[in-house]
Every structure is written in structure tokens, then in C-alpha cells.
Ligand SMILES: Nc1ncnc2c1ncn2[C@@H]1O[C@H](COP(=O)(O)OP(=O)(O)O)[C@@H](O)[C@H]1O
């Protein structure tokens, strides 16, 4: 698959141009491209939200992009819906094209936190090629390790806000008002694929296929493994310091 990625460098220059008026600090900030790898219910979305905010880079979640495309009834949404309904992976070519298009948007010029992508070696290789075409690369791939029985427990209690996909768990991370998002007040709902045998099917895909990404990034010296079976805050602290150590940057203000 010949994939090329054309970041909007002119907008990057314009961004640099406008940033030179502020301070050289902006220039010193490295572009940070981070991948979060984890099974369903591992806390990828919860941790990604916090981390992206702290690092000042966009949180790009492949599942959210698919769900929005389905809700908007776009051509991508029509293509992807049957796979999501079956809890299967959307074909690599469709997924890669969607993500590389999203990464070429100006807001990703300073880096990106990828959640749920890549999930296959083909996707990982396409991402590496796409980033390389813009003289960028993955800085680190973080694996959130959580035992399978804990994942099933978490997924059965997962609720998500209708407006912005803020994740909750009725047992471990409940909203202040049942059924209502603390942040934007929208209704919380349980995803179709967080029910019954769909949970097991998606976990089988993760532990049968996506798990091979760990070797892929380990061989590149980019893998960070984090114990995800602790409190949200404890995981966040370990995750953030591990990434800062790897990227060698001070926390953005
Ligand atoms: N990188 C990907 N490749 C293929 N399909 C994907 C990818 N990311 C998400 N999907 C599809 O979107 C669905 C929802 O993804 P997501 O919201 O990340 O939930 P989960 O982490 O529980 O799988 C997946 O079950 C799959 O059908």
C-alpha cells in the first residue's frame, strides 16, 4: 500500500511564524507522537484524555472517529459500520486512510496522542511510512497492561457521554449524578459493543492480533509498559513520568 502523508507544513511555518512572536520556547518543544496500546477496558481513553491535555497535543481515537463517521452517515461511516457492529477490526486500508488524513490536519503539527491505532502490524508500518514522509516518527508506544478478568469487569460497567465520549465506570469511576456527564452534562450511554459476547470477541482480537505490536515497538526500543490495573491517578502519574523521561521534555505549562 503506497501511502504518503502531506502534513500542512505551510500551516506549520505559519504556526512557527506566529509562534516566533511569542517565544523561542515554542520552537524548542519537540514534536511528540505517542501511541497508546491497550485492550478494551484498559483505560486508554481515560488516560489519553488526561495525557493529551497535559502535553498540549490532540487525542486522536480511531474508535471515536469511526463512531462520528457512522453518526454523520459519511461514506467512511457506511463502510465501517458493519465491522463495528460485529466487533471486528475495520480493514487496514480504510483505517489507515482515515488516520493519516486526520494526522495531516494542522492541529497535529505539534504532535499527536493516538488511541486505538495502530491495531495491526500493517497499520503500524503504514503509520511509520506516513510519519516519515513528514520527517516525523513515533516517539513511544505505551502498553497499558490489565488482566483479562479485570477488563471484562470494567467493560460491563463502562458508560460514555453522548456528546464528547468522556468515559465513566459505574464501579471505579462513577459520575457525580448517575447517567449524566460531569463535564458537559450530556447523557451517558453503554456502547452496543460493551455487551455480552461482543466483549469477548473484541478481547480475542486484541490478545490474538494487536498484542503483536508490543514486539514491533520493543524491537524499535520504543515500548513502554505500564501497570494499568491501579487507580486512574496512579496510572496517569506513572504514564506521564515515563513519557517525559523518554521524550526528555519538561511538562508544558
Ligand atoms: N485501528 C483500528 N483498526 C480497525 N478497526 C478499528 C480500529 N480502531 C477502532 N476500530 C473499530 O472501532 C471499534 C471501536 O473501537 P474503540 O472505541 O477503540 O473501542 P475498543 O477500544 O473497545 O475496541 C473497534 O471494535 C473496531 O471495530
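Just so you know, glycine gets a Cβ as well, placed from its N, Cα and C.
Residue 46 (ATP binding site) carries a helical DSSP state (H, G or I). For residue 46 (ATP binding site), applying a Cβ distance below 8 Å and a minimum sequence separation of six or more within one chain yields 167, 173, 232. As annotated by TrEMBL, ATP binding site applies to 41, 42, 43, 44, 45, 46, 158, 230.
Mean pLDDT of the predicted structure over the region 'NMP' (61-90): 95. For 61-90, the entry in TrEMBL reads region 'NMP'.
Non-local contacts of residue 119 (AMP binding site) by the CB criterion (under 8 A, 6+ apart in sequence, same chain) comprise 62, 89, 95, 205, 206, 209, 210, 213. Reduced to three states, the DSSP call for residue 119 (AMP binding site) is coil. Here TrEMBL flags 62, 67, 88, 89, 90, 116, 117, 118, 119, 123, 191, 202 as AMP binding site.
Sequence annotations record features per position, and here TrEMBL assigns region 'LID' to 157-194. Under DSSP, residues within the region 'LID' (157-194) fall into helix, strand and coil as 3 helix, 12 strand, 23 coil.
TrEMBL lists 158-193 with the feature domain 'Adenylate kinase active site lid'.
Less than 6 Å separates the Cβ from ligand 1 in the case of 62, 119, drawn from the binding-site residues 42, 62, 119, 158, 230 in sequence order. When the C-alpha distances from residue 191 (AMP binding site) to the binding-site residues 41, 42, 44, 230 are tabulated, the minimum falls on 41.
Cβ neighbour density within 10 Å is lowest for 230 among the binding-site residues 44, 230. Considering only the residues assigned to ATP binding, 41, 42, 43, 44, 45, 46, 158, 230, the longest pairwise Cα distance works out to 16 Å.
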